[in-house]
Number of protein chains: 4
Amino acid sequence: MSGSIFGKNFTVTTWGESHGKALGVVIDGCPSGIPLTEEDIQTDLDRRKPGSNTYGTKRKEGDKISILSGVFEGKTTGTPISLIAFNEDQRSRDYSQISECYRPGHADYTFDKKYGFRDYRGGGRSSGRETLSRVAGGVVAKKILKELGIEIMSYTVSIGNIEIDRNKFDIEEVSKNPLYMPDRDAYEKASLFLDECIKNENSAGGIIETVVRGMPVGIGEPVFDKLDANLGKAMFSIGAVKGVEIGQGFLSTKKTGFENNDFFHYNNGKISKLSNNAGGILGGMSDGSEIVIRTAIKPTPSIHKTQQTVNKNNENIDINIKGRHDPVIVPRAVVVTEAMTAITIVDLIFSNMFSNIENIKYLYKR
Amino acid sequence: MSGSIFGKNFTVTTWGESHGKALGVVIDGCPSGIPLTEEDIQTDLDRRKPGSNTYGTKRKEGDKISILSGVFEGKTTGTPISLIAFNEDQRSRDYSQISECYRPGHADYTFDKKYGFRDYRGGGRSSGRETLSRVAGGVVAKKILKELGIEIMSYTVSIGNIEIDRNKFDIEEVSKNPLYMPDRDAYEKASLFLDECIKNENSAGGIIETVVRGMPVGIGEPVFDKLDANLGKAMFSIGAVKGVEIGQGFLSTKKTGFENNDFFHYNNGKISKLSNNAGGILGGMSDGSEIVIRTAIKPTPSIHKTQQTVNKNNENIDINIKGRHDPVIVPRAVVVTEAMTAITIVDLIFSNMFSNIENIKYLYKR
Amino acid sequence: MSGSIFGKNFTVTTWGESHGKALGVVIDGCPSGIPLTEEDIQTDLDRRKPGSNTYGTKRKEGDKISILSGVFEGKTTGTPISLIAFNEDQRSRDYSQISECYRPGHADYTFDKKYGFRDYRGGGRSSGRETLSRVAGGVVAKKILKELGIEIMSYTVSIGNIEIDRNKFDIEEVSKNPLYMPDRDAYEKASLFLDECIKNENSAGGIIETVVRGMPVGIGEPVFDKLDANLGKAMFSIGAVKGVEIGQGFLSTKKTGFENNDFFHYNNGKISKLSNNAGGILGGMSDGSEIVIRTAIKPTPSIHKTQQTVNKNNENIDINIKGRHDPVIVPRAVVVTEAMTAITIVDLIFSNMFSNIENIKYLYKR
Amino acid sequence: MSGSIFGKNFTVTTWGESHGKALGVVIDGCPSGIPLTEEDIQTDLDRRKPGSNTYGTKRKEGDKISILSGVFEGKTTGTPISLIAFNEDQRSRDYSQISECYRPGHADYTFDKKYGFRDYRGGGRSSGRETLSRVAGGVVAKKILKELGIEIMSYTVSIGNIEIDRNKFDIEEVSKNPLYMPDRDAYEKASLFLDECIKNENSAGGIIETVVRGMPVGIGEPVFDKLDANLGKAMFSIGAVKGVEIGQGFLSTKKTGFENNDFFHYNNGKISKLSNNAGGILGGMSDGSEIVIRTAIKPTPSIHKTQQTVNKNNENIDINIKGRHDPVIVPRAVVVTEAMTAITIVDLIFSNMFSNIENIKYLYKR
C-alpha cells in the first residue's frame with residue numbers, strides 16, 4: 001500500500017487499524033508559529049466520535065489525542081507534527097464471523113485479494129475509525145486557514161429521502177442536533193426514519209454540504225491540480241462517498257448556458273458574481289465566492305438483516321452481521337468532509353504563493 | 001502554475017495554449033515494448049476533434065500529432081514519449097473583446113487575478129483545446145491496458161433534459177451518432193434540442209457514463225489513492241465537469257443498506273457480485289465488476305446571447321460573445337473522460353505491482 | 001517544513017525532536033507478507049545507539065521501539081507501519097546556553113532564521129537522534145531486500161588521517177570493534193587518536209564505505225532518478241555528510257578513460273565486468289556488480305574547546321559547549337548509511353517493476 | 001522509465017534521444033511575469049555546445065531552441081513552458097557496431113537488461129545530448145534567481161592531474177578559455193595534456209566547482225529535502241558524475257571539529273561566518289555564505305583505443321569505438337552543473353515560502 005499520504009506540500013500521513021494499538025497522523029509542511037494545543041484537536045475529534053450522537057455506535061472510543069512532536073512552547077515549530085490516539089478497547093473478542101467471510105459492501109474481499117490476507121479486527125485499516133487521523137490533521141489545517149480568515153462548515157442536507165427545506169435553513173441548528181442538519185423539522189423526520197431503520201435491522205445514507213467562506217481569488221493549479229479536482233479526490237477518498245458535486249453539480253447539466261453562467265458585477269470597489277452556480281470555482285481556481293461542495297454518503301453497509309455472501313472456502317452462505325452498528329454514518333462524515341476540505345485548501349494555498357514572481361520578490365525582499 | 005503533471009508513476013505532463021505555437025504532452029513511465037504509431041493516436045484525436053461532429057465548433061483544427069521521442073522501431077523504449085500537435089491556425093485576429101473583459105463562466109477573471117495577466121487568445125491554457133494533450137496521453141494508457149485485457153468506453157447518457165432509455169441501450173449506436181449516445185431515439189431528440197439552443201444563442205450540458213471492463217481485483221491504494229479518489233480527481237480536472245458519481249452515486253443515498261449492498265456469490269469457480277451498485281469499487285479497490293463512472297458536464301459557457309459582466313476598467317457592461325461556439329461540449333468530453341480514466345487506471349495498476357512481497361519475488365526470480 | 005518524507009513508492013516519514021516526547025517513523029508502501037518483529041528493529045537501533053560503543057555519548061538512550069500498526073500475526077499487512085520510541089530522559093535541564101546562542105557547525109542559526117524560533121532542547125529536530133527513525137525504517141527496507149537476496153554492509157574506512165589498510169581488510173572485524181573498522185590495527189590507532197581528541201576537547205570525522213551485494217541489473221530510473229542520484233540524495237540527507245562518491249569517485253578524475261572503463265566479459269553463462277571502477281552503476285542503473293559508496297562525515301561540531309560565536313542579542317561571545325559529546329559520530333552514521341541505502345534501493349526496485357510491458361503482463365497473468 | 005521529472009514545485013521534465021527527431025523540456029511551476037526570450041536560452045545552449053570549444057566533438061549540433069508555450073508578450077504566463085530543439089543531423093548512418101555490443105563505461109548493457117532493447121543511435125536517451133534539455137530548463141531557473149539577486153557560476157578546477165592554482169584564481173579567465181578554467185596557466189597545461197590524450201586515443205576527466213552567491217538564509221527543507229541532499233541528487237543525476245562535495249567535503253574528515261567549525265561573527269548589523277568550511281549549508285539550510293559544490297567528472301568512456309567487451313551473442317570481442325569523441329566532457333558539464341544547481345535552488349526557494357505562518361499572512365494580506 002502506498003496511498004497513506006495526502007497532499008503535496010502540506011502532507012498528512014495517516015496510519016493505524018481499527019483495533020490495533022493506536023491510530024495517528026503525521027503532518028509535514030505545517031508552517032511555524034501557529035498556536036496548537038491538544039484541546040484544539042480534541043474538540044473536533046469529539047464531534048466525530050460515535051458516542052457524540054444518538055445514531056452512532058455505542059462502542060466507547062477514547063480518542064484521546066496526544067501531540068508527540070512539532071509543537072514547542074504552545075506553537076508549531078515547522079517540523080512534522082505527530083498526533084496519536086491509543087486504542088483503549090483492545091480486549092480479545094470473537095472475530096471468527098468477520099474473518100472468515102466477505103461482508104457485502106465492505107472491503108474484506110478486495111483487501112484479501114490485494115494483500116493476500118487482512119487485519120480483520122473491526123475492519124482493520126478500512127474501518128471508519130481511520131478518519132480519526134484525518135480529523136486530527138484537519139484541525140491543524142483549519143488553524144492555518146483561520147489565520148487567513150477562511151472558514152469551513154459542513155452540515156447534512158439529506159438523510160435517505162428526507163431533505164432539508166432551504167427556506168427553513170438555520171445554520172445555528174447544525175450544532176444543536178446529532179445529525180448536524182440545519183433544519184429542525186427535517187432533523188426530526190430523519191430521526192424517526194432512522195429509528196425505523198434500526199428496527200428493520202437496516203441502515204441509511206445521506207448528503208453532506210460543505211461551504212468555504214473567505215477564500216482569496218486564484219487558489220487552485222490548472223490544469224490537473226484544480227481546486228475542484230483536488231477537492232474531488234479528497235472527498236472520494238472518504239470511505240462511503242459515492243458522489244461529489246461542486247455548485248449546481250449534476251443539476252447544471254439540465255440548465256442552459258445562459259441560466260447556468262454567473263454574471264460578474266462591479267460594486268463598491270469589488271468584483272463579485274450575481275449568482276453562484278459555479279460553487280465558487282472557475283477554471284479550477286477559487287473565484288472569491290463561497291465554495292460549495294456536496295458529497296453523497298452511501299448507507300452503512302454493516303446491517304443486522306440477513307444477507308448473502310461467500311466465505312473463504314468459497315461457500316455461498318447467509319450472514320447476519322453481529323455487533324452494534326451506526327444506522328447512518330453521515331454525521332460522522334460531516335466532520336471528516338470539513339477536515340479533508342481544509343487539508344486540500346491549505347495545500348493549494350501554499351502552491352499559489354509562487355504563482356507570480358511579484359509574490360516571490362515581495363516576500364524575499366521583506 | 002505547478003499543476004500540469006498528472007499521475008505518480010505513469011505521468012502525463014501537458015503543455016500548450018489554444019492559440020500558441022503548439023500543444024503537446026510528455027508521457028513518462030511508459031513501459032518498453034508497446035507497439036505505438038502516430039495513427040494509433042490520431043484515431044482518438046479525430047474522435048475528439050470538433051469537426052468530427054455536427055455540434056462542434058466549425059474551426060478547422062489540424063490536430064496532426066507527431067511522436068518526437070520514446071519510440072524506436074515501432075515500439076516504446078521506456079523513455080519519455082513526447083507528442084506534439086502544431087497549431088495551424090495562428091493568424092492574427094481581433095481579441096480585443098475577450099482580452100478586455102471577463103466572460104461569465106470562464107476562467108478569464110481567475111487567471112488574471114492569479115497570474116496578473118493571461119494569454120487571452122482563444123482562452124489560452126484554459127481552453128478546451130488543452131484536452132488534445134490528454135487524449136493523446138490517454139491513447140498510450142489505453143494501449144497498455146489493452147495488453148492486460150482492460151477496455152474503457154464512454155458515452156453520453158443525457159443532453160439537457162433528454163436522457164437515454166436504458167431499455168433501448170445499444171452500444172453499437174455510440175459510434176454512429178455525433179453525440180455518442182447509445183440510444184438512437186434519444187440522440188434524435190437531443191439533436192433537435194441542440195438546434196433549438198443554437199437558434200436561441202444558448203447552449204446545453206449533459207452527463208457522460210464511463211465503463212471499464214476486465215479490471216483485475218485490488219487496483220487502488222487505500223486510503224488516499226483509492227481508485228475512486230483518483231478517478232474523481234481525474235474527472236474533475238476536466239474543464240466543465242461539475243459532478244462525478246461512482247456506481248449508484250447520489251441515488252445510493254436514497255436507498256437502505258440492504259438495497260444498496262451487493263451480495264457476493266460463488267459460481268463456476270469464481271466469486272462475483274449479484275448486483276453492481278458499488279460501480280466496481282469496494283474500499284477504494286476494484287472488485288472485479290465493471291467500473292461505472294458518471295460525469296456531469298455543465299452547459300458551454302460561451303454563448304452569443306447578451307450577458308452582463310465587468311471589464312478591466314471595472315465597468316459593468318453587456319457582452320455578446322462573438323465567434324463560433326459549440327452548443328454542447330459533451331461529445332468532445334466523452335473522449336477526454338476515456339483518456340483520463342485510462343491514465344488513472346494504468347498509474348494504479350503500477351502501484352499494485354508491489355503491494356505484495358510474493359509479486360516482487362515472483363518477478364525478480366523470473 | 002515539508003521535507004520529512006523520503007521515497008516515492010516506498011516512503012519513510014520521520015518525526016520527532018531530540019528531547020520531545022517521542023520519535024518515530026511511518027513506512028508507507030511496504031508490501032504485505034513480510035515477517036517483522038520489534039526485535040528485528042531493535043537490533044539495528046542498538047547498533048546505532050551511542051551507548052553501544054566507547055566513543056558515543058554517555059547519555060542513556062532507551063530507544064525501545066514499538067510497532068503500532070501495519071503488522072498482523074507477525075507479518076506486514078501492506079498498510080502503513082508506524083514505529084515509535086518514547087524519549088525516556090525528558091527531565092528539565094538547563095538549556096540556557098544552547099537556547100541563547102548559535103553553536104558553530106550546528107543548525108541553530110539557520111533554524112532560527114527559517115522558522116523564527118526553534119525547539120532548542122538537545123538540538124531539537126536537527127539532532128542526530130532523528131536518525132533513530134531512519135534506522136528503524138531501514139530495517140523494514142532490509143527485510144524486503146533480504147527476500148530478494150540483496151545485502152548491504154557499511155563500515156568505517158578512515159577516522160581523521162587514519163585509514164584502513166586494504167591488504168588487511170577483514171569484514172569479520174567490523175562487528176568486533178566499536179568504530180566498525182574492518183582492520184584491527186587501524187581501529188587501534190584510531191582509538192588512540194580519539195582519546196587524544198577527547199583530551200584536547202576536540203573531535204574527529206571520517207569516511208564510511210557502503211557495499212551492496214546481490215543487486216539485479218537495471219535498478220535505477222534514468223535520467224533524474226538514477227540509482228546514484230537517489231543514493232546521493234539519501235546520503236547527503238544525513239546530518240554530517242559533506243561528500244559522497246560512487247566507485248572510484250574523485251579518484252576517477254585522475255585516470256584516463258582506458259584506465260577507468262570496466263571491460264565486459266562473458267564467462268560461465270554470465271556477463272560481468274573485469275573491474276568495478278564504476279561502483280556497480282552504469283548510466284544510473286545497477287550493472288550487477290557490487291554497489292560501492294563512500295561518504296564523508298565531518299568532525300562532530302559539538303566540542304568543549306572555546307569557540308567564538310554570536311548570541312541572540314547580536315553580541316560576539318566565547319562559547320564552551322557543555323555536556324557529553326561524541327568525539328566522533330562516524331560509527332553511529334555507519335548504521336544510518338546502511339538504512340538510507342536500503343530505503344533508496346527498495347524504492348527503485350519498485351519503480352523497475354513496471355519498466356517493461358513483459359513484466360506487467362507476466363505479473364497480471366499470474 | 002519514470003525518472004524524467006526533476007523537482008517538486010518547480011519541475012523540469014526532459015525528453016528526447018540523441019538521434020531522435022528532437023529534444024526538449026517542459027518547465028512546470030514557473031511563476032508568471034518573468035521576461036523570457038529564445039535568445040536568453042540560446043546563450044547557455046551555445047556555451048554547452050560541443051562546437052563551442054576546441055575539445056568538444058566536431059559534430060555540428062544545431063541546438064536551435066524554440067519556445068512553444070508558456071510565454072506571452074515576452075513574459076512567462078505561469079503556464080508550462082515547452083522548449084524544443086530539433087535534431088538537424090538525422091541522416092542514416094552505420095550503427096551496427098554500437099547496436100551489437102556493450103561499450104565499456106556506457107549504459108548500453110544496463111539499458112538492454114532493463115528495457116529489453118534500446119534506441120542505440122548515438123547513445124539514445126543516455127547520450128550527453130540529453131543535457132541540452134537541462135541547460136534550457138536551467139536558464140529559466142536562473143532568470144528567476146536573477147530577480148532575487150542570486151547568481152550561480154561553475155568552472156573547472158582540474159583536468160586529470162592538472163589543478164588550478166588558487167593563488168592565480170581569476171574568474172574573468174573562465175569565459176576566455178574553452179576549458180572554463182579560472183587560471184590561464186592551468187588551462188595551458190591541461191590543453192597540452194588533452195592533446196596527448198587525443199594522440200593516445202584516450203580521454204580525461206576533471207573536477208568542477210560551482211559557487212552560488214546571494215542566497216537568503218534558510219533555504220532547504222530538513223530533514224530529507226536538505227539543500228545539500230537535493231543538490232547531491234541534482235549533481236549525481238548528470239551522466240558522468242562520480243563524486244560530489246559540499247564545502248571542504250572529503251577534506252573535512254581529516255580536520256578536527258575546532259578546525260572545521262566556522263565561527264559566527266556579528267559586524268555591521270549582520271551575522272556572518274569567519275570561514276566557510278561548511279560551503280554555505282548548515283543543517284541542510286543555506287546559512288547566507290557562498291554555496292560551494294565540487295563535482296567529479298569521470299573520463300569520457302568513448303575512446304578509440306582497443307578495449308575488451310561482449311557482444312549480443314555473448315562473445316568476448318575487441319572493440320575500437322569509431323567516430324569523433326570529446327577527449328573530455330568537463331567543459332560541457334560546467335554549464336550543466338550550473339543549470340542543475342539553479343533548478344534545485346528555485347525549487348527549494350518555493351518550499352521555503354510557506355515555512356512560517358508570518359510569510360503566508362504577509363503575502364495574503366498584501
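Each Cβ is built from the backbone N, Cα and C atoms, and glycine gets one as well.
Sequence-distant contacts (6 or more apart, same chain, Cβ under 8 Å) of B:Arg48 (NADP(+) binding site) comprise B:Asp63, B:Thr131, B:Leu132, B:Val135, B:Arg332, B:Val335, B:Val336. Annotation source TrEMBL lists NADP(+) binding site at B:Arg48.
Look at TrEMBL and you will find B:Arg125, B:Ser126, B:Ser127, B:Gly283, B:Lys298, B:Pro299, B:Thr300, B:Pro301, B:Ser302, B:Arg324 tagged as FMN binding site. Of all Cβ atoms in the shown protein chains, 21 besides its own fall within 10 Å of the Cβ of B:Ser127 (FMN binding site).
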Of all listed binding-site residues, namely B:Arg48, B:Arg125, B:Ser127, B:Lys298, those lying near chain D with CB under 8 A: B:Arg125
Chain-internal residues near B:Thr300 (FMN binding site), provided their CB is under 8 angstroms and they sit 6+ positions away: B:Ser203, B:Ala204, B:Gly205, B:Ala240, B:His325, B:Asp326, B:Pro327, B:Val328, B:Ile329
Cβ-based proximity (under 8 Å) of the binding-site residues B:Arg48, B:Arg125, B:Ser127, B:Lys298, B:Thr300 to chain A, or none: B:Arg125, B:Lys298, B:Thr300
B:Thr300 (FMN binding site): secondary structure state under DSSP, collapsed to three categories: coil
Among the FMN-binding set B:Arg125, B:Ser126, B:Ser127, B:Gly283, B:Lys298, B:Pro299, B:Thr300, B:Pro301, B:Ser302, B:Arg324, as the record gives it, the longest Cα-Cα distance in Å: 45
